[in-house]
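Quick look at what TrEMBL annotates:
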- 863-883: compositional bias 'Basic and acidic residues' (COMPBIAS)
- 977-999: compositional bias 'Basic and acidic residues' (COMPBIAS)
- 1006-1015: compositional bias 'Basic and acidic residues' (COMPBIAS)
- 79-229: domain 'CSC1/OSCA1-like N-terminal transmembrane' (DOMAIN)
- 254-433: domain 'CSC1/OSCA1-like cytosolic' (DOMAIN)
- 534-807: domain 'CSC1/OSCA1-like 7TM region' (DOMAIN)
- 322-371: region 'Disordered' (REGION)
- 863-889: region 'Disordered' (REGION)
- 959-1023: region 'Disordered' (REGION)
- 80-101: transmembrane segment (TRANSMEM)
- 165-183: transmembrane segment (TRANSMEM)
- 209-227: transmembrane segment (TRANSMEM)
- 534-559: transmembrane segment (TRANSMEM)
- 579-607: transmembrane segment (TRANSMEM)
- 628-653: transmembrane segment (TRANSMEM)
- 673-701: transmembrane segment (TRANSMEM)
- 748-771: transmembrane segment (TRANSMEM)
- 792-811: transmembrane segment (TRANSMEM)
- 817-836: transmembrane segment (TRANSMEM)
Amino acid sequence: MAFRPDLSPWPFGVAAELQNSGRKFCSALAVLHWMALVNPETRGPGWSEDRREEREAGEAVGAMCWSDISSAKSSSTTSFLTSLVFNGAVFAVEIVAFTLIRRHFRLIYEPRALAPLKTKRTNELSPTLLGWVWALYEADYRTIRAINGMDAYFFVRFLRMMVRVFLPMWLLSWAILMPTYAVRTSTANHQGLDKFTFGNVANNQLKRFAALIIVTYIFTFWIWWNIKHEMRHFVSVRQQYLASPEHSSTAQANTILITGIPTELLSESALTRLFSHLPGGVRKVWLNRDLKDMPELHNRRINAAKTLESAETSLMNTATKRHNKQLKKAAKAEKKANGNTSSTADLTRRPDADNDPESARSLAETLVPQKKRPTHRLPLFSWMPFSLPLVGKKVDSIDWAREEIKVTSAELDKRRQILEQDIARTTVADVQARDRVHQLRAGRLNIHMPTVHLNIPLIGPTGAPDFSDQTYPPVNGAFVLFNSQLAAHLAVQSLTHHEPYRMGKDSKYPEVTPEDVIWDNLGTNPYERRIRLAVSWAITIGLIILWAFPVAFVGAVSNVHSLCTTYSWLAWLCKLPKVVVGIISGILPPVLLAVLFLLLPIVLRLLARFEGIPTRSGVELSLMDRFFLFEVINGFLIVTFSSGIIAALPGIVNNVSSIPSLLAQNLPTASTFFLTYVILQGLSGTAGLFLQIAPLILYYVKMFLLGSTPRSVYNIKYGARTVKWGTLFPQTSLLVVIALGYSAISPIINGLACATFFLFYMVYKYLFIWVNDQPQSSDTGGLFFPKAIQHIFVGMYIQQICLAALFFLAMNDRGHPGAIAEGALMVVLIVFTAFYHNTINNSYSPLIHPLPLSIAEQLHGTNHPESEGVIDEHPQGEPKPAERVGGAAAARRRGEYPDAGAGLVLSRLVRAAVRQQTHLARAVDQARGRPGTRLGLHQHIVRSLREDGIEVETLGARMDAKGHVDVDGPPPDMDEAERRERVGKEGLEAEVAEERVSDDSGEEEERVRRKLGDDVREDEGTV
């Protein structure tokens, strides 16, 4: 082998000597050999094309240099087996641990079976050790719809669908494609699992691709049928859910959020007139307003209430512990002094004898000295969100919190009165604007004889109301509550305004709840939102491009065998033990990829919110698109090509002209990485979801560090565990895309995918029946499911495009393209898939969001007689019902929502009585075998707080003799259904009476508003 004329001829012994000297010269030697073959300038006059001796020597050197490639390929089996054994061991250990400990930690593994409220309670999983397996298998996944909503139901339904899709694909591909790829055919460097891939078909065996074409067509038709079947089911179930009496009679079902409202329509009366043409008309309109400092005042009061709750509980805890110590001392003194117990008389006296409001402070000072009372430091500056240690004014927490609640409540009352006046002025301003428009349209002078009276309208903005005299003017957003659910859906679908970007279809949102609203985005201008949309997606695409570099590195690590044989400075990796190399190539890349994918959703969610989407569920839907795009590009395509190209790199170095055939052979070998990724998700991932080691540890950490008040204890024990659909769905659909992309190229993945989706189906069925509690306010009615169906089409497109490319790249034994016909058939299949995709979208997209007129008779509006008392799914606005105004139960039965604006409850503002509920524990002294002997401090605290106008609740909370807080019921700020169960019939009767008072007050308020409007109009006419 001659690289230069003065070095030729090289004897074969030189090559042998190089082989004995080690692999560190292999890369340089291969590069020189490639230069000599392809670059004429490196060939001297002594070069001869037919010098067989030199060519054979060169081939020997090449064989020596790349002898490890086949072992590298065969070690793909090692990587696969290492990953399978490791993840299988993790799966077994975690499942065994779950089986052994789940009955002892039921608050972690089946909290819904122990929920204190029957409305949220489910049946026990199984009392026996192994009975949970059969109980979980027998559980009906359709019950999830009533337990956790439509989004959870359709997610589990999607997993069930994928099990049904991959089961026949698994059996068919293993029976046909694996023998087609592996039996009596082979290519260089394809050993182990690589023998069962597309690239193992020899150049003289390309006729075998006919079986691949037939199977691919069968796969595609089978997936088409499943997509149509599931979309029909989705539309049917969603429409049944929306039209059901339980849902359609709620305020959520009859309310829409409108943004981009022009100034001339920015009033309650104008919007009522605008939508009065729809069936049933409008029941109520709430405008979003610029509330200025009201949200800050509200947050100050909420924080003060939390501080007060914590401080009062801490005071009782300290008193209980000091009381216990004094009892022990008294017992010792009694033993020595023969029964002298006078020192404990003041500690156990009944507080009922003293009704003085100052008794609480005196008793507290008796039980807890001043220096032991809870204190905290105030921030140095008002704009600081928290205080610093040892810096700032030190105050008594109880006294400060009580005073802060009084001050903020009084300030909020003043501002609410002003706000109520602004609401009345908005209607008056709308009337004035309409009058000016009518006068201008008349276009004539009004002359009265004998006295000439001229009525000449002023020139200027005539059609828009003037809000300059209002302290809290409205901004371009409003909630509209209709009397009919059908009217709400018609309002969303109708063309509302004659100007562009004004109340357009994309600016109207049905099924909106105040808890789901992002209040800061309501005032976004329509033009500003489009600019934000462009900026947001530009940054998203930039992140996807930049993220490709670390992801490509992960793909390179997955093919470490080829790296260490290609580059001499990485040769040390090949010298490591096979187990270590298997861990590096089989386990480390999926873990690194998972870490990379954990970081980006945080940024993407912020970008979706920056876009100006006014609902949190809308942000999750946007995040689903962004995150899926990122995962497909960086988690699948980049990894595939980076790993496949690295695998083909040794052959490319030797023969540049063989790039197409080498890529066709080596790109399928990247499937090893995805096989290990699917195994990781299917075994370790599902077992981790069963064991839930992080919630188990965090439960005790939180109870030790944060479980100081009844509210915090309740949230830790029974707080809802939820999932984020914007990230969960894309992560799942990425597995679908990977499995579909390699379903024909590497059919072994079909069995793994089927098993993985079955395990996912079982674990999420368990989670959504016995563990998770998804908030109803964020439920979209299953709108994530159609997006997931679109992801299946992406997987089919990738599969078909890759197969077409591989067919066109395939070379026969004569060096000519040998699968042109197969590639053409794949192009035809791509066209058919695109046509079917378009047909599905055109058929079902119009049925996803709106309700059709054909089911109008099934709808129940808020004005329906049967709907009285049913509107109990109205989600709580901000603040929580802890400061409900005018009767929370009454407001929800009337279908009332908070007035939009920073989440403040602004309904019935004039007559509002401020009530801040605090959840305190009843301290019970059970020392010395005397259960029920009360310490008495909590009665004094409750009486004192109520004297200050702060409502206190002790029901369901208790403090034992050691000062530990526990709860057996929820805090007082809960929805009506929970309160109904807890307080019973007597409490409901009180709320009914409260509702009557509220209705009377509402009528009086309406009379005041009409009188104010008449006075203003009378003054206007005089002028």
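Cβ coordinates come from backbone N, Cα and C, glycine included.
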| said: Counting Cβ pairs closer than 8 Å, which of 80-101, 165-183, 209-227, 792-811 has the most of them with the transmembrane segment (748-771)? | reply: 165-183
| Which residues of the same chain, at least 6 past either end of the transmembrane segment (80-101), have a Cβ under 8 Å from a Cβ in it? | 109, 129-130, 132, 192-193, 579, 582-583, 586-587, 590, 672, 675-676, 679-680, 682-684, 686-688, 690-691, 693
| Excluding the flanking five residues on each side, which residues at least 6 beyond the ends of the transmembrane segment (673-701) place their CB within less than 8 Å of a CB in that stretch? | 79-80, 83-84, 87-88, 90-91, 93-95, 97-98, 105, 107-109, 193, 555, 558-559, 586-587, 589-591, 593-594, 636, 639-640, 643, 716, 721, 735, 738-739, 742, 746, 748-749, 752-753, 755-756, 759-760, 762-764, 766-767, 771
| field | Predicted model, mean pLDDT over the domain 'CSC1/OSCA1-like cytosolic' (254-433) | value | 81
